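Visitor: Take a look at this one; I'll ask things after.
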Amino acid sequence: MSQKERPTFHRQEVNKTIWEVPVRYQNLSPVGSGAYGTVCSAYDEKTGLKVAVKKLSRPFQSIIHAKRTYRELRLLKHMKHENVIGLLDVFTPATSLEEFNDVYLVTHLMGADLNNIVKCQKLTDDHVQFLIYQILRGLKYIHSADIIHRDLKPSNLAVNEDCELKILDFGLARHTDDEMTGYVATRWYRAPEIMLNWMHYNMTVDIWSVGCIMAELLTGRTLFPGTDHINQLQQIMRLTGTPPASLISRMPSHEARTYINSLPQMPKRNFSEVFIGANPQAVDLLEKMLVLDTDKRITAAEALAHPYFAQYHDPDDEPEAEPFDQSFESRELDIEEWKRQTYEEVISFEPPVFDGDEMES
């Protein structure tokens with residue numbers, strides 16, 4: 001949103017708050033809200049697309065908020081891939097840094113998420129291939145920029161009528177202990193090493209989540225619906241078996257080592273007996289994803305080349321990302337400086353070239 005071509009704004013009340021948006025965005029209608037903002041669907045007169053407009057709530061109320069706002073904007077600006085949600089527009093009604101207080105982000109409006117899809121029907125193997133292929137294609141891109149999603153689950157995967165998929169909300173997930181407690185989907189898809197702080201985790205935490213999602217698509221039910229952290233780990237180990245000594249010895253946490261050593265030894269189950277009737281190639285891939293040892297877990301790039309995706313895999317059309325500068329993560333700045341840098345990012349945004357063939361949901 002460069003200064004020289006500032007659009008005309010109009011105001012609209014949404015859920016008792018005033019939204020001030022460029023006139024190109026019409027018919028604002030609330031579709032959801034969370035801790036970090038409210039989302040409206042809107043019609044973009046400029047492109048003819050239905051879009052999602054997110055107004056961040058109190059983006060600069062604290063250093064944590066301000067840094068999170070900066071992080072979300074930087075991540076969204078960086079992502080340019082068919083299977084990852086990207087930024088169509090970002091704007092503020094403010095005309096100067098001094099009055100800069102509100103940030104609005106515009107992305108594609110996606111019709112449904114994977115949760116809706118799973119509930120409605122048991123998917124064919126071909127559907128599962130196509131959906132998981134797209135998740136892995138998006139993950140290969142995200143991971144190549146050294147970004148970890150950390151919170152992949154069906155509700156973070158948007159799908160349209162044509163089964164085209166985009167990954168949402170990556171790189172932001174920093175859940176509180178409270179949100180991870182009890183019988184909650186936030187935790188069911190989490191890799192054990194991140195759930196229990198076993199060790200420094202890597203990109204493959206996301207692959208664990210893909211394994212959980214894929215198993216659910218194949219069977220129509222949640223793979224590890226734990227009632228709490230301990231029950232969840234028990235459910236996981238009933239399938240994977242208890243970790244081998246070689247893995248336990250590499251866990252830096254003394255507490256984790258002691259706890260796992262206290263558990264009764266369990267053997268790994270035969271996956272083809274657990275996933276009866278599934279495509280043997282699907283079962284083979286699940287075995288390579290749902291591995292406790294992160295060093296042995298398959299990567300997104302490796303998984304794309306697995307025979308299960310033979311009809312979709314194209315090594316020349318599985319792009320990687322430009323490097324993403326994350327040096328800001330270690331910076332300790334005050335609110336005003338995070339705000340100034342966020343304002344710079346808003347001003348410097350260049351919208352994607354619209355080709356008229358965009359994904360409609």
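Note that Cβ sites are derived from N, Cα and C of the backbone, with glycine treated the same way.
Reproduced below are the annotations present in Swiss-Prot:
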type: ACT_SITE; residues: D151; note: active site, proton acceptor
type: BINDING; residues: V31, G32, S33, G34, A35, Y36, G37, T38, V39, K54; note: ATP binding site
type: DOMAIN; residues: 25-309; note: domain 'Protein kinase'
type: MOD_RES; residues: T181; note: phosphothreonine
type: MOD_RES; residues: Y183; note: phosphotyrosine
Visitor: Name them in sequence order: residues not among V31, G32, S33, G34, A35, Y36, G37, T38, V39, K54 whose Cβ is within 8 Å of the mean position of the Cβ atoms defining the ATP site.
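Guide: In sequence order, the nearby non-listed residues are K55, S57.
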Visitor: Say we define neighbours as other CB atoms within 10 Å of the CB. Which of the binding-site residues V31, A35, V39 has the fewest?
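Guide: Among the binding-site residues V31, A35, V39, the sparsest Cβ neighbourhood within 10 Å belongs to A35.
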Visitor: Using Cβ-Cβ distances, find the residues under 8 Å from G37 (ATP binding site) that belong to the same chain and are at least 6 apart in sequence, listing them in sequence order.
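Guide: Correct list: K54, K55, L56, S57.
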Visitor: Roughly how many angstrom lie between the C-alpha atoms of V31 (ATP binding site) and D151 (active site, proton acceptor)?
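Guide: So the Cα of D151 (active site, proton acceptor) lies 21 Å away from that of V31 (ATP binding site).
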Visitor: Rounded to the nearest Å, what's the C-alpha distance separating D151 (active site, proton acceptor) and S33 (ATP binding site)? Just drop the number here, would you?
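Guide: That separation, Cα to Cα, works out to 18 Å.
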Visitor: Across all chains shown, how many C-beta atoms besides its own are within 10 angstroms of the C-beta of S33 (ATP binding site)?
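Guide: Here the count is 16.
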Visitor: Where does S33 (ATP binding site) sit in the DSSP three-state scheme?
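Guide: Once the DSSP labels are grouped into three classes, S33 (ATP binding site) ends up as strand.
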Visitor: Could you tell me which three-state DSSP class V39 (ATP binding site) falls into?
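Guide: Going by the DSSP assignment, V39 (ATP binding site) falls within a strand, counted as strand.
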Visitor: According to DSSP, collapsed to three classes, what secondary structure does D151 (active site, proton acceptor) have?
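Guide: SS state of D151 (active site, proton acceptor) = coil.
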